[in-house]
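Here's the structure we're looking at; comments come further down.
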């Protein structure tokens with residue numbers, strides 16, 4: 001496991017560079033990220049480049065044998081660029097251009113921005129792509145699928161649509177533009193939906209604009225990566241991603257990049273949101289699933305966070321180290337802490353680093369140092385990966401489409417995924433979160449929540465999996481929409497109906513009201529948000545409703561289909577249901593379960609094919625005692641153990 | 001009773017037209033609404049008209065003897081129009097022009113919009129006004145008093161003001177423009193109030209701008225109607241109205257139209273908002289009161305509603321049929337369901353019709369079919385109307401003025417009207433909601449809540465009514481303002497003081513705090529929002545305050561004035577007060593009361609002068625048992641009954 | 001004590017002028033404020049002045065021996081000015097120009113506005129500055145530090161920055177512009193921060209823009225005052241200030257004006273916000289502290305308030321008189337009620353005056369008349385002032401900086417000041433609220449909450465005070481920032497560390513969570529928002545934490561430093577802590593305390609050097625009984641008393 005830090009030499013007095021590097025070296029830091037946001041120092045005037053300071057900064061760290069992660073600085077163009085080309089700034093959804101002087105406000109499609117972005121990237125690549133100190137490259141910072149409405153984006157969107165649909169007649173048909181007389185008679189009439197007022201939008205247009213934005217973002221990352229690869233085809237290139245209102249399509253974004261990296265800010269304050277205490281691991285598993293490979297954490301929680309918004313609490317003792325190791329337990333091999341020292345200036349001065357404004361290392365730094373000391377012991381882990389019996393399917397299209405049309409009060413696509421993730425995780429198994437087009441044959445169970453937007457290859461993939469003996473779990477709002485976000489004229493769940501063996505005769509969007517279902521074994525659970533009223537075909541009822549006019553109707557079904565089994569959950573429940581349900585699925589499919597794990601303890605396993613390493617992470621504020629099924633060797637304590645005692649946020653790793 | 005549906009042939013494959021029409025005919029549908037929003041198909045290019053598809057659609061239904069309601073499509077101009085004339089789109093209150101691609105965004109005053117709107121209306125009228133299949137016309141859709149701030153509206157507003165006030169000096173005086181040096185010295189200085197920031201506005205200007213907008217909307221509807229009448233003077237023309245943030249002045253809007261039609265979406269989920277469970281009937285009674293004639297429902301609830309906002313619950317069993325009949329019980333003779341089949345495309349795809357996206361008729365459709373089967377039985381009702389002993393006065397001016405200046409936290413003009421409506425309705429009587437200028441002589445009691453803005457003819461009308469022996473109930477905030485929304489320099493309730501026989505020495509806007517009043521019989525009630533502290537003249541106290549520094553002062557008064565009686569309620573209470581108060585008024589005025597009606601049961605009576613038909617509607621989720629005073633003939637079951645057992649949302653109609 | 005009223009002759013029929021003046025005279029009104037907002041009548045057309053009506057209005061009152069407070073009308077330019085010069089209106093933070101027809105919307109920096117503002121002020125000054133009836137002048141109305149973003153303000157801001165920093169390099173360094181590549185390479189790149197989106201702003205830029213705005217506002221007031229002084233150097237000039245979102249820097253604003261005047265609207269509804277029932281007095285003490293002199297109330301609460309927002313409750317009996325006298329008890333010698341009669345027109349018609357719309361004097365007027373009758377008795381007070389043992393330091397810079405970066409959920413700079421003010425006030429002592437640069441030597445205790453932004457002279461002032469034997473109380477978030485709003489690279493509280501004798505090893509921004517501290521005597525208190533974890537140097541622990549990982553660490557410290565004592569409170573508590581703490585401080589520093597004052601009773605003392613007058617104000621809704629330490633002479637009742645019985649909002653004044 002490699003531990004690194006994010007560092008901004010240009011923000012500090014030269015006098016500090018050396019002492020910082022010395023302390024890093026002593027502490028055991030192996031990687032330093034540089035260059036993010038430094039464009040105005042790399043190119044102080046249009047076409048005048050200055051790399052001397054970066055040369056020095058790199059050698060400052062590389063002489064201590066630290067590797068460098070070099071960033072392209074394109075998130076923040078220098079102000080001289082806006083002066084000549086004010087059009088390089090995004091235009092918001094209300095038609096106003098964003099202000100300058102902030103970050104991430106450049107339009108990724110603006111021609112002059114692209115000209116400059118490519119030039120600075122090329123300059124950096126030419127100078128450093130073959131520098132042996134450079135371990136990896138980061139493109140830009142936290143790229144999003146920006147809903148920019150500038151003239152250039154409008155034009156590109158029109159081209160993108162014509163590329164996809166050939167002509168306006170096809171677009172009109174696909175979008176249902178006849179509704180409200182919105183038929184395009186000229187390409188210039190196509191406008192992005194992000195305008196005024198926010199309501200009344202055509203969901204087909206909205207989804208396509210979101211896809212367009214995601215494509216443009218992926219294209220930008222790809223183009224920049226190729227500039228670096230041109231100089232050194234073996235250069236490792238990534239971008240650091242995160243979750244936001246405009247989450248990019250992770251699968252597209254990383255498709256041509258070398259690995260996934262993630263900005264990891266787990267919650268300092270634990271909440272037991274409806275039993276999903278382990279929910280942060282969900283994000284880590286999602287990152288691993290993007291390329292189904294181990295990933296990096298490019299920014300790791302290091303202190304209180306806040307900026308223009310109020311600060312939150314400081315990480316509790318154990319969290320600095322523990323959350324870094326939690327990331328490893330879910331597939332991160334490299335964890336870079338954000339940031340070495342808290343910024344004393346600028347808008348993010350309260351987004352704390354490992355060392356406080358005072359530059360006096362304290363409790364959090366000491367814990368980080370402990371992590372660094374431990375890291376070499378964990379090198380054996382680096383050749384391992386997680387192998388899972390359970391997969392949850394995540395589809396960016398569904399995610400976006402549910403944001404465009406929130407089905408019922410309280411309904412959340414992400415929440416459904418997280419419930420299933422939390423439910424299976426409680427039994428101590430690895431859970432993958434992957435694209436619906438991934439090869440599913442290796443999984444014993446596949447959870448496919450709310451497969452809302454029909455995608456031919458996804459649907460065929462799921463059918464193929466079940467036909468060959470797989471067990472799939474689907475949920476309400478599956479098969480609702482065609483690829484254009486229009487409703488399919490068939491009984492729900494339409495394309496999945498045959499496999500599910502039941503159909504939806506009617507649905508009741510009950511929002512925040514609660515009702516009751518009862519399962520085949522007589523257990524009752526609360527349900528809410530949505531109730532599909534099901535009619536059985538070949539399926540059997542797994543649970544039925546107890547309330548309203550559809551009392552007695554199936555709420556959850558199970559169908560044997562070819563060699564496989566397809567479950568359908570027509571409503572949304574709480575953790576008690578999902579936990580029991582996951583347990584049943586695991587029993588049925590023969591997935592081994594750990595029972596009676598203390599609350600908050602997360603267990604995952606990494607393997608290199610020969611040895612299995614089991615990670616026990618106490619993600620709670622109470623001490624946890626775990627009895628191992630047999631004595632195992634702890635690679636943390638170098639000793640054989642038959643039980644573990646974990647302090648809050650502590651981890652132990654045993655070889656099976 | 002005639003049952004119809006709203007249908008959009010242009011949104012469906014031709015293949016469906018015939019099967020849809022066949023099913024409608026079999027089901028018993030008598031009317032089909034067509035043409036709404038179809039402008040881009042009726043005039044695909046500027047001046048190129050295509051009516052062939054509409055001809056076909058009309059004959060598709062008329063050949064099954066269904067009547068047609070034809071809509072003018074002016075709510076949604078085709079996109080080609082915006083291209084040449086971008087100025088036809090409204091400008092919002094913040095100065096931004098609305099986007100295209102939505103609906104209802106055209107400016108009703110924009111010259112080029114009007115040119116095109118008149119032309120397409122004329123084309124439709126010439127072709128169809130004498131078509132015997134066309135039973136009625138709908139102008140546009142859900143017209144509002146849009147607060148557009150475009151240049152044209154600004155100019156017209158200036159003209160409108162000059163027309164009304166003759167010169168700037170009069171306007172300055174009427175508006176009190178000297179306050180804050182806002183005196184106009186040139187007409188160009190007049191600006192609509194709907195600007196930035198939203199506060200600080202002159203209430204006189206605000207009220208006049210709202211009246212102007214309402215006038216312009218009424219003028220638009222009138223002008224379009226006249227185009228149709230020019231072709232066929234006997235054509236029946238309406239527009240479908242609804243309640244919104246910019247509710248038009250219903251009285252003005254329908255003054256030259258033939259009948260009122262209403263988009264009726266009663267709440268699926270019953271709430272017992274402070275005892276006003278029957279509150280939806282309030283809207284129906286208000287619609288009947290607009291022209292004091294029976295009305296149509298042009299859009300009737302048919303399924304779950306939602307769009308860009310989350311969906312709500314599906315109509316409960318009984319509501320599809322029951323709510324249509326509830327509308328009839330309050331004066332609707334024709335009910336058109338929105339819509340035949342749920343849209344599979346466009347922004348409103350989750351505003352469900354009778355048939356779901358699947359095109360498989362289900363529970364809701366079956367209930368609709370039942371309604372259709374029942375309808376012919378109810379033809380006897382068509383010649384009847386509601387005759388009421390009680391009237392509540394609704395004034396659009398008051399409604400608007402209270403929105404401009406919300407008097408105290410929680411205060412709502414509508415809420416007051418609804419309390420009185422609910423209170424009298426609990427005793428099973430018909431209640432009219434009418435304009436304050438209506439002839440009141442036929443009523444035994446008139447409720448005139450918060451007659452805030454002085455209108456000479458309204459005030460005289462009320463005086464005349466009381467002088468001749470009527471009983472009027474007035475409430476706090478009456479007589480406050482002159483017609484220009486300025487405060488009158490007289491003790492409150494100013495113009496009504498003589499009749500009320502008491503005056504307001506002071507008031508206390510207590511907002512959401514609660515205090516207590518006690519009536520003459522010793523009953524106590526909570527009051528809130530507003531406390532008029534009254535000094536008795538000729539009046540007697542009906543109730544007095546128990547709290548604060550005005551404990552012991554009258555809160556409610558009763559005054560014998562000439563041959564009549566005038567009550568004044570100086571505060572706002574809860575349902576317990578209004579129910580008791582209404583009971584007393586009915587006793588005093590000799591209005592017969594039904595007692596002990598089960599909760600949620602609504603009773604109204606329609607008469608043709610010979611026979612009275614009593615409607616018992618169970619607007620609740622519990623079965624209701626009603627003992628009739630004597631055996632009566634149920635026209636639903638064709639049998640004599642002395643008691644009724646009503647399932648939830650069920651109705652029975654008996655001949656008295 | 002002088003009582004006056006605000007009057008707007010131009011808003012009333014001439015017929016009322018005389019009767020109003022007569023009633024004022026009979027009632028005992030001594031001062032009338034005129035001219036505010038009357039520009040359109042003083043200069044109906046560009047350059048055409050009309051003072052005849054104002055002449056008449058002045059003599060109307062002066063002939064009754066009432067003094068005049070004359071206002072410059074610059075808050076509301078006439079509409080003809082906008083017509084020619086639309087640029088004189090402010091541009092909001094979102095880039096939109098404010099509408100006309102409201103008030104306070106002119107840009108104080110717009111050249112043409114200034115041209116006209118100076119001209120009308122000069123005209124008024126020439127005509128009236130030597131009129132013996134004119135007792136004082138008010139510049140404009142409720143001037144704020146407007147965050148205008150118009151082109152002129154942008155340009156002036158750039159000049160202001162260059163004046164302060166000499167060149168762009170210094171600005172870049174001071175602002176930390178290298179963060180996010182925001183370095184200015186041309187002065188034109190400097191933009192005000194109040195733009196789109198609102199987040200992501202550089203706090204250094206934000207603070208400087210706020211200082212610039214405050215400077216411009218002070219300059220405007222100064223320039224206008226000088227125009228008047230040019231005509232009559234002995235003219236008394238003020239402006240009426242208030243608290244708002246854009247509160248000006250009071251110290252700067254009044255530095256060259258003759259006295260402070262304040263618009264005083266105490267809350268009608270008493271709230272016991274965490275024990276700070278006397279919190280309104282805080283504002284009065286702050287006003288007295290601005291120039292450390294007695295002040296005027298230019299607008300005093302007279303009735304229910306409301307406008308476009310809902311009305312609040314009417315003042316309770318006793319408040320009209322009592323709150324005027326409360327102001328006097330805290331240093332107001334003149335109280336002008338806003339306003340004589342409630343406006344019948346315009347946006348503020350529900351901001352009630354003494355007399356209602358009806359023009360019938362009522363309860364509130366009668367109480368005002370009582371106040372007027374009492375006032376002559378209180379003339380002995382006019383030569384007295386408040387002398388305080390305790391000072392609280394208020395810094396506009398800190399106030400602004402905490403608004404820019406709210407440290408943690410719930411944290412409020414003002415709240416901290418108010419807690420200390422309330423705590424000391426409970427013991428019946430005078431409390432000053434003054435600038436941190438004030439001479440502190442006269443105080444026995446100085447409270448310096450959250451001295452966040454470092455200011456050399458303030459810090460030296462505090463050190464000097466403690467070194468010479470003073471007792472200072474500091475709190476969390478002191479010494480955090482350099483003068484440019486950047487974090488200081490030293491252990492907190494940085495510059496105050498030596499004096500405090502302890503340092504912050506870490507902090508925990510716990511927001512709305514609550515934890516517990518225990519003081520040296522074993523008392524426990526809840527704390528919240530922020531927890532500084534302290535390490536003792538020379539200091540001793542006064543209280544320590546009981547929770548979280550820093551249980552047992554000091555939360556509050558006390559340090560003897562040179563001849564003085566410095567306390568540091570590292571967290572935020574509730575009233576129970578502050579009250580006990582204040583008691584201890586008073587014991588330690590020998591400040592005499594009144595004990596067992598009934599809840600809500602406020603006690604202050606004014607002195608002329610010979611006689612002390614003690615004010616007992618019952619700021620509660622219960623009657624209060626107070627035992628005096630000895631018999632004293634009441635100047636209200638002209639009698640010796642050894643106990644006081646005060647009705648709600650009643651005041652007694654005894655000579656000590």
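The backbone N, Cα and C atoms fix where each Cβ goes, and this holds for glycine too.
Curation does not apply to TrEMBL; its annotations are automatic.
The domain 'Glycoside hydrolase family 42 N-terminal' annotation in TrEMBL covers A:6-373.
If you look up TrEMBL, you'll see A:103, A:141, A:308 marked as substrate binding site. On its own chain, residue A:141 (substrate binding site) has A:36, A:37, A:71, A:75, A:103, A:104, A:239, A:240 as residues at least 6 apart in sequence with a Cβ closer than 8 Å to its own Cβ.
Summarising the annotation, TrEMBL assigns active site, proton donor to A:142. Residue A:142 (active site, proton donor) falls within neither a helix nor a strand when secondary structure is assigned with DSSP, and so counts as coil. Sequence-distant neighbours of residue A:142 (active site, proton donor) (same chain, six or more apart, CB under 8 Å from its CB) are A:75, A:104, A:240, A:241, A:242, A:244, A:263, listed in sequence order.
Residue A:299 (active site, nucleophile) falls within a strand when secondary structure is assigned with DSSP. Cβ neighbour count for residue A:299 (active site, nucleophile): 25 (other Cβ atoms within 10 Å of its Cβ, all protein chains included). According to TrEMBL, the feature active site, nucleophile maps to A:299.
As annotated by TrEMBL, domain 'Beta-galactosidase trimerisation' applies to A:389-591.
Mean pLDDT, taken over the domain 'Beta-galactosidase C-terminal' (A:600-656), works out to 96 on the 0 to 100 scale. Summarising the annotation, TrEMBL assigns domain 'Beta-galactosidase C-terminal' to A:600-656.
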Reported as an integer number of Å, what is the Cα distance between residue A:299 (active site, nucleophile) and residue A:308 (substrate binding site)?
20
Can you name the recorded positions among A:103, A:142, A:299 whose Cβ is less than 8 Å from some Cβ in chain C?
A:103
Restricting to the record's substrate-binding residues (A:103, A:141, A:308), give me the longest CA-CA distance in Å as a whole number.
19
Per DSSP, what is the residue count of the domain 'Beta-galactosidase C-terminal' (A:600-656) in each of helix, strand and coil?
0 helix, 38 strand, 19 coil
Cβ neighbour count (within 10 Å, all chains shown) around residue A:103 (substrate binding site):
20
Taking the Cβ of residue A:308 (substrate binding site) as reference, which residues of that chain separated by at least 6 in sequence fall under 8 Å from it?
A:347
